[in-house]
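Here is the structure we will look at, set down as structure tokens.
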């Protein structure tokens, strides 16, 4: 099945719809065992793009589903587009290869199509080991020991070596701000091909998208639906994007769900989308967004939602890092 795709500056093509594989952990209880079946179902539906990460701790489950699909002849490796990410406690040029090797082993692959630096802040691996890896997402008691300040251009050199060695096809960044991206661009041999950030109708990232377009960097949206479960659990009092009256109104007009409207709005901006679900019905619904289009009036109405400028994923425990990418809260 052919899926619409975007061309990366590396020359590779990336399907414009992918499946996110992050789970509710570590913030909520979750079940890793759901992921293998969810990926298998997504493959049956037609998904070929899967977004993974070392820190999701479920790459082995994803890998099992991919391996079974390839061995059965359901898909060929060249038809898949697999992304994974360098974790913050490996944000060191000397550790980049080690982290990727672990991901490749879990994913049961010889290479990945896209490798991203997951976050711009770096965590001291030995210190994390001493206090326990489960504390990675908690506000550190000793931030000066917990965080290291690593030059992103040096980490990037480690990423470039992976391309030269044939272990990754394209490389990119995630959760970096414009200034941090520019520093990498100014000091690179291989330009970032992709930037993955939170992006949705409440956080349209217009300036960042323009910047990426100028540098021929494809933007990918995680939390394209506003991550409703996360929003309700951690952002009490904030509006829930899927329940917005404007989104529902546009959906009623096209006989489409709010989720389909939100994904279509991003796709029409040439943004890759990574909706996340382990529910079979929602997986199918999220994939079926290429058979309709929003007209100019729809787009204008959807664009009004961007005035909220609402970011759900602030990574607030990491505000003490010198490389924290967002404006700090007053309490920090």
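Quick reminder: no glycine exception, Cβ is built from N, Cα and C everywhere.
Features as listed in TrEMBL:
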type: DOMAIN; residues: 17-304; note: domain 'NADP-dependent oxidoreductase'
type: ACT_SITE; residues: 56; note: active site, proton donor
type: SITE; residues: 85; note: site 'Lowers pKa of active site Tyr'
type: BINDING; residues: 118; note: substrate binding site
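Overlay of TrEMBL annotations on the structure.
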residue : record                               : Cβ neighbours (10 Å)
56      : active site, proton donor            : 22
85      : site 'Lowers pKa of active site Tyr' : 27
118     : substrate binding site               : 22
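Note: the Cα of residue 118 (substrate binding site) and the Cα of residue 85 (site 'Lowers pKa of active site Tyr') are spaced 5 Å from each other. Residue 56 (active site, proton donor) and residue 85 (site 'Lowers pKa of active site Tyr') are 10 Å apart (CA-CA, integer value).
In this structure, residue 118 (substrate binding site) belongs to neither helix nor strand by DSSP; it is coil.
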